[in-house]
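In what follows, a structure is listed as structure tokens, so that the remarks can point back to it.
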Amino acid sequence: MPAERPSVSQKPKNPYKRPDAFTKAAKAQGYPARSVFKLEEIDRRVRLLRPGQRVLDLGAAPGSWSMYAAQRIGAGGKLLAVDLSPITAAFGPQATVVQGDALSLTNEALAQFAPYDVVLSDMAPATSGSKIADQARSYELFMRAVAVAEALLAPGGAFVGKIFMSEDFVKARDALRNLCEEVRSIRPEGTRASSVEIFLVGLKRKAAGKTG
């Protein structure tokens with residue numbers, strides 16, 4: 001069953017309070033993390049996921065995005081979930097889990113179900129305490145995800161990638177515009193007030209050879 005978001009009235013007055021309404025709702029619905037509601041909102045707003053699709057999820061641990069995507073694509077779809085950390089969540093027979101670093105895995109290793117209809121990246125750096133360093137690392141992860149999408153995303157396909165807001169945001173957005181016909185920036189309702197993250201969504205991947 002797709003994730004059911006908590007109502008706005010359920011959100012705590014203190015945005016730093018833990019667990020908040022999204023955390024509680026995720027746990028109640030069997031998802032490992034509240035991040036599921038970010039993907040649910042993006043999916044709802046751009047009609048991202050459909051039955052039978054092939055999906056690549058980069059930075060999949062602890063597994064909420066992959067669980068949601070597996071439900072949406074159904075038994076006729078295919079899902080490859082990749083993360084450096086172990087993933088113990090159950091996604092169903094349509095899913096395969098690869099434990100590895102998305103920055104170092106070859107495109108061939110990620111191509112089990114390619115070409116993909118959707119490439120997802122919720123990858124984020126382990127924060128270091130240095131804002132500049134964390135932003136640079138986030139940009140690097142985002143650009144790696146875009147490079148994977150360039151190699152493995154089917155024409156007409158969609159991309160979702162997380163990035164920390166910084167002076168590199170425009171470069172990241174332009175790189176995705178070079179790949180997709182339409183690009184949107186979305187900050188889901190479930191994002192904590194203190195977070196600097198935003199999601200860039202690319203729709204209608206351009207045909208091979210068509211850029212700019």
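Backbone N, Cα and C define each Cβ position, glycine as well.
The S-adenosyl-L-methionine site recorded in Swiss-Prot includes Gly63, Trp65, Asp83, Asp101, and the single candidate from Asp43, Asp122, Asp134 that the record places there is Asp122.
In this view, Asp101 (S-adenosyl-L-methionine binding site) is surrounded by 10 other Cβ atoms within 10 Å of its Cβ, with every protein chain counted. Annotation for Trp65 (S-adenosyl-L-methionine binding site): same-chain Cβ neighbours under 8 Å, separated by at least 6 residues, are Ser35, Val36, Leu39, Asp57, Leu120, Asp122. Secondary structure from DSSP puts Trp65 (S-adenosyl-L-methionine binding site) in a helix. Neighbour list (Gly63 (S-adenosyl-L-methionine binding site), Cβ cut-off 8 Å, at least 6 residues apart, same chain): Pro32, Ala33, Ala81, Ile87, Thr88, Ala89, Phe91.
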